[in-house]
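Annotated in TrEMBL:
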DNA_BIND  16-55  DNA-binding region
DOMAIN    79-180  domain 'CoA-binding'
BINDING   90, 91, 92, 93, 94, 95  NAD(+) binding site
Ligand SMILES: NC(=O)c1ccc[n+]([C@@H]2O[C@H](COP(=O)([O-])OP(=O)(O)OC[C@H]3O[C@@H](n4cnc5c(N)ncnc54)[C@H](O)[C@@H]3O)[C@@H](O)[C@H]2O)c1
């Protein structure tokens, strides 16, 4: 089926639909109307209908959405019906925290390898996965069908290491280093900035405080 281009804003909302639908399924709910889903998710029913219409709707008028079907279809759209092999570069505080997060596997993200430059970390295992040195990276990527690399190294090294990953065949980078990577267009980069999320929280907390001080 040919799919029309879907905006990144819609894609950005899909994981949340996926999570809510997963919870509904666990609770034994088989059908849900866009109005009920809207109340739970605190987004408008029309937003839900518009978002899901991008993919053909999945709902029948007056009948609601089939929760399991919608969950499965959104999972397919997000590529969660397939496994994705992942490596982590930089196994310090953040890299280790990510490596220890076992729930990734339940979504099909398989942690295949950990890499660092610190020789003291060589061979140390995190959740059964040994830390390797960077000189093993090239062969490892080729032999283990690695699709995604998480980059949890210092900012100063990120650009150089990202280029090396791409040279060695990695097609997608989950970038935690606080720097923009300029890479060939066919390389997919997802930047993660916890601090930006915290700044948004700070804005909202500040605004809330100001509003209540005025009362
Ligand atoms: N995006 C976010 O939300 C977020 C949150 C926390 C930290 N960070 C960033 O993530 C990075 C890691 O943070 P941390 O607290 O884990 O740091 P850390 O110092 O604990 O770990 C960094 C690791 O990278 C390794 N390393 C350094 N150069 C390397 C290279 N060229 N190749 C491979 N490995 C290399 C180091 O040996 C070390 O083990 C930093 O850039 C930090 O700013 C981002």
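FYI, residue positions are counted from 1 along the chain as it appears here.
Glycine is treated like the rest: Cβ placed from N, Cα and C.
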Whole-number mean of pLDDT values that fall within the domain 'CoA-binding' (79-180): 95
For residue 94 (NAD(+) binding site): DSSP state (helix, strand, coil): helix
Spatial neighbours, same chain, of residue 92 (NAD(+) binding site) - Cβ under 8 Å, 6+ residues apart: 116, 152, 153
Residues flanking the NAD(+) site, with Cβ no more than 8 Å from the Cβ centroid of 90, 91, 92, 93, 94, 95 and excluding those residues themselves: 88, 96, 97, 98, 116, 152, 153
Sparsest Cβ surroundings (other CB atoms within 10 Å) among the binding-site residues 91, 94: 94
